[in-house]
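Annotated in TrEMBL:
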type	residues	note
BINDING	Asp481, Asn508, Gly510	Mg(2+) binding site
DOMAIN	43-152	domain 'Thiamine pyrophosphate enzyme N-terminal TPP-binding'
DOMAIN	241-359	domain 'Thiamine pyrophosphate enzyme central'
DOMAIN	450-575	domain 'Thiamine pyrophosphate enzyme TPP-binding'
Amino acid sequence: MDTKIGNVDVVTTPNGNVGCPPKIGGASCVQSSSVPFNSTEATLGRHLARRLVQIGVSDVFSVPGDFNLTLLDHLIAEPGLNLVGCCNELNAGYAADGYARSRGVGACVVTFTVGGLSVLNAIAGAYSENLPIICIVGGPNSNDYGTNRILHHTIGSPDFSQELRCFQTVTCYQAVVNNLEDAHELIDTAISTALKESKPVYISVGCNLPAIPHPTFSREPVPFSLSPKMSNKMGLEAAVEAASMFLNKAVKPVMVGGPKLRVANACQAFVEMADASGYALAVTPSGKGLVPEHHPHFIGTYWGAVSTAFCAEIVESADAYVFAGPIFNDYSSVGYSLLLKKEKALIIQPDRVTIGNGPTFGCILMKDFLQALSKKIKKNTTAYENYHRIFIPEGHPLQCAPKEPLRVNVLFEHIQKMLSSDTAVIAETGDSWFNCQKLKLPQGCGYEFQMQYGSIGWSVGATLGYAQAATDKRVISCIGDGSFQVTAQDVSTMLRCGQRNIIFVINNGGYTIEVEIHDGPYNVIKNWNYTGLVDAIHNGQGNCWTTKVFCEEDLIEAIETATVEKKDCLCFIEVMAHKDDTSKELLEWGSRVSAANSRPPNPQ
């Protein structure tokens, strides 16, 4: 999928080896044919639509409301743009999130305040995951600003800035377009800022403006320029010199990739350094999918006490560890229980490098630093050799007796066999985090989950958006029943879009991840007939197949049907599981997070 922003290349992953999505690189101008003034295309609405197409967005996720209807007319009129109507704004935002993970940028359109505040949670999640999303809101009539009038869809105050103030905390730029004179500049600045900062932006467009022609929308557009970020050359040289000295004196150094490899566009550079160094290579949990797991020195996921087998022992016993783009929070650190020492760590963030307890070098891009460091470090395979020496493959799940109730570890053994370069995995917040972490991703297999924000229900919308962008892959989603209840409606939109996802809903009767942190009656949910619900949503329109799975024999038959006879259908498989059937990693992680959450206040 090679797309361009005018002459600005959007770089894609060669052969699917590395999981970084498209990323903006270089500076250029968007080229567009001029449109005669007063034509139906010389309007703000069509200009915004053309801009979205020019940055690589071909699908926009929307929910109509009276303030955005005229704008939606103009988006629909753009030949290169497909409007995907969602069941609610939250899912539209999650879909834009999933779309951006595959395409590099996403967009959603909602209405003023009632829509804007509904999508806000999804935009906050995208902000935490460094995803550029163009969040467009149909705003009030431009004549109503400053009139002291009270409008519907507001909280009953004549101050229309409530929505804007909310978005200021979860977007990197906000544009309120309520006149045509500066609309062009505001829109272009917002879009370019989203791409440069890799964060969501907010654009509010007055409901009476999209259809009005204006000279700035009829001529060649003002150059739409993206200035590339550059490393400080002398700082880069000094950082590389210090880092190479730090690593070359180490006996058994390791490398660990984190989630900010994506925003730094440094996945390939990270692999180049792994090739050059010979170091053992791991990922943090939220970095899974960004580093190729078929790499010869890959040793698994480093997640403290719940790491994959033998990975933590190698990382924590190293005398130097290179962390590229990590996020150390209470979840990723398993309740702050990682056995790491700062003086042994080389921490590389997208724009700075810290060596041990210092110094820190700023104004240095991760990609440049890794590429330069690769040329300076000595090959050292000691840590990987140690891993290879102690590694014992994990055993297979116990053999199931005939018609024995299905265990979750058996389910994921069969999901593993489904993975290929033609698939992508979406893992919902919950025990699917831990079970999906143990999946070994084949070359080119996509993988996404939302760990920093951890919003349950994210995966339904994200599956919709990711599948809409990555039409060459079949998306396999692993979702708990509690999470599915939050956002189930947009299976409907998947059917309308003709998607062929395979959705596993694991029905164990509650919020299992919460149970393992702190149990209570609030973690038990009303059981649904999930296949019956999806059948009702299907309602004979679109291609859909559903089934319930109770035992391994059912599962084998269901997977065979989903991947052969129903390979062109959306397949919904409800897996019946015992309420206490959890991964051992969740049990360990939950107890440690619980301990971190329940720390008593420090004495004042």
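The backbone N, Cα and C atoms fix where each Cβ goes, and this holds for glycine too.
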- line: Cβ contacts within 10 Å for Asp481 (Mg(2+) binding site), all chains included, total 25
Task: Would you mind giving the whole-number mean pLDDT across the domain 'Thiamine pyrophosphate enzyme N-terminal TPP-binding' (43-152)?
output: 94
Query: Does Gly510 (Mg(2+) binding site) have same-chain partners at least 6 apart in sequence with Cβ under 8 Å from its own Cβ, and which are they?
result: Asp481, Gly482, Asn523, Val524, Ile525, Lys579
Statement: Other than Asp481, Asn508, Gly510, the chain contributes near Mg(2+) (Cβ within 8 Å of their centroid) the residues Gly480, Gly482, Ile506, Asn507, Gly509, Tyr511, Thr512, Ile525, Ala577, Lys579
Query: Taking the Cβ of Asn508 (Mg(2+) binding site) as the centre, how many other Cβ atoms fall within a 10 Å radius?
result: 23
Task: For the domain 'Thiamine pyrophosphate enzyme N-terminal TPP-binding' (43-152), jot down how many residues DSSP puts in helix, in strand and in coil.
output: 50 helix, 22 strand, 38 coil
